[in-house]
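K.L.:
One structure coming up, written as structure tokens, with questions to follow.
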Ligand SMILES: NC(=O)C1=CN([C@@H]2O[C@H](COP(=O)(O)OP(=O)(O)OC[C@H]3O[C@@H](n4cnc5c(N)ncnc54)[C@H](O)[C@@H]3O)[C@@H](O)[C@H]2O)C=CC1
Ligand SMILES: O=C(CO)COP(=O)(O)O
């Protein structure tokens, strides 16, 4: 393979993936908007702020010239947070040609439009093929070759397979899927549940509570995702329950860490500042809360997390709200077609 890839975004995930691709011998440029970050990464061959203690390979081109990063590339990798993707695409679409494949790795739902990333890309770059890479994959582990599995999803299965080939390494196993809706929603919604798992840890609750959040969380995610047009099976795959497990249990998780701080009593803004990297679940909680109302799907965990984040609801009240709801059958309101009662 001699593919050329332009990575937009020099945070932890963009950097880890750029390292993985460069180590494969591919021709990779990574673009950093921030001049100070760019100079630091170029001279130290390390991303000290977002991915410390990992060497940037000599063959990875670090630059702050977006045109050069995009020009002549087979793949343009979007590795910036969800809330800036629209502006980045609008500002730089003049450099993107229609044969280039857009691969997105951000996990979120845009706040005002309530759109998934593939829908934003479709709006701004309707002629480009699109794939999303998602699954349980913390940058800190991928960057040091810890075995990881992930899924490449595109409505065009040849594109999904092409992206699989480009990213696959002996330590990074890539599966394919054609359910873009399910994969994007799984990756986005699990961040909200991970905030909840962190809050539970911050409050000093135990493993029982976290297991409850994860289990009721995946049902809530699937119920919503299926109503949005996703495939039920996808929620039980890598981008659904797989990513939910890693994000709710790992100390690498920015969402879980923000949740822990909120559970310990910090306000939302203080927690974001303390984590110092993007905490996607915070904005996605707002989008999912609004969408759930719009499509009339019950999402009790998301609702309570929204109230904690945006309405100053006391976290312990939210726990009571969840625990003391009307009694119900375990399988009530779930998505399975057969009546299991
Ligand atoms: N860090 C991880 O392990 C993983 C992250 N993701 C997802 O990848 C996306 C990016 O996350 P991270 O790399 O963790 O974020 P990060 O917080 O480490 O870095 C974000 C990067 O985006 C840059 N940025 C912010 N606004 C920008 C703008 N307007 N234009 C250009 N660059 C801008 C920042 O300067 C920074 O380099 C998120 O959606 C996250 O959920 C997905 C899987 C794993
Ligand atoms: O999506 C991720 C791992 O798969 C990253 O999660 P955090 O943003 O919570 O670190």
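From the backbone N, Cα and C atoms, a Cβ is placed for every residue, glycine too.
Per TrEMBL, the feature active site, proton acceptor maps to 190. Residues or ranges marked as NAD(+) binding site by TrEMBL: 9, 10, 11, 12, 13, 14, 139, 254. If you look up TrEMBL, you'll see 12, 13, 33, 50, 107, 139, 254, 278, 280 marked as NADPH binding site. If you look up TrEMBL, you'll see 107, 135, 137, 190, 243, 253, 254, 255 marked as sn-glycerol 3-phosphate binding site. For 107, 254, 255, the entry in TrEMBL reads substrate binding site. According to TrEMBL, the feature domain 'Glycerol-3-phosphate dehydrogenase NAD-dependent N-terminal' maps to 4-159. According to TrEMBL, the feature domain 'Glycerol-3-phosphate dehydrogenase NAD-dependent C-terminal' maps to 179-319.
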K.L.:
Which binding-site residues among 9, 10, 33, 255 have CB under 6 Å of ligand 1?
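P.N.:
Only 9, 10, 33 meet the Cβ criterion.
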K.L.:
Just to be sure I understand the contacts, which recorded positions have a Cβ under 6 angstroms from any atom of ligand 2? Candidates are 9, 11, 33, 190.
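P.N.:
Close enough to ligand 2 is none of the recorded positions.
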K.L.:
Let me know the most crowded of the recorded positions, choosing from 107, 190, 254 and counting other Cβ atoms within 10 Å.
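P.N.:
Answer by Cβ density within 10 Å: 190.
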K.L.:
Ranking the binding-site residues 11, 33 by other Cβ atoms within 10 Å, which is at the bottom?
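P.N.:
Lowest Cβ count within 10 Å among the binding-site residues (11, 33) is 33.
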K.L.:
For the domain 'Glycerol-3-phosphate dehydrogenase NAD-dependent C-terminal' (179-319), DSSP counts of helix, strand and coil?
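P.N.:
Reading the DSSP string over the domain 'Glycerol-3-phosphate dehydrogenase NAD-dependent C-terminal' (179-319) gives 111 helix, 0 strand, 30 coil.
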K.L.:
How far apart, in Å, are the two Cα atoms that lie farthest from each other among 12, 13, 33, 50, 107, 139, 254, 278, 280, the residues recorded as binding NADPH?
P.N.:
22
K.L.:
Roughly how many Å lie between the Cα atoms of residue 11 (NAD(+) binding site) and residue 33 (NADPH binding site), rounded to a whole value?
P.N.:
10
K.L.:
Looking only at the domain 'Glycerol-3-phosphate dehydrogenase NAD-dependent C-terminal' (179-319), report the model's average pLDDT.
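P.N.:
Here the mean pLDDT over the domain 'Glycerol-3-phosphate dehydrogenase NAD-dependent C-terminal' (179-319) amounts to 97.
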K.L.:
Residue 10 (NAD(+) binding site): which of the recorded positions 33, 135, 137, 190, 253, 280 have a C-alpha within 10 angstroms of it?
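P.N.:
Cα filter at 10 Å returns 33.
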K.L.:
Around residue 135 (sn-glycerol 3-phosphate binding site), how many other CB atoms lie within 10 A of its CB?
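P.N.:
A count of 24.
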K.L.:
Listing them in sequence order, which of the recorded positions 33, 107, 135, 137, 190, 255 have their Cα within 10 Å of that of residue 13 (NAD(+) binding site)?
P.N.:
137
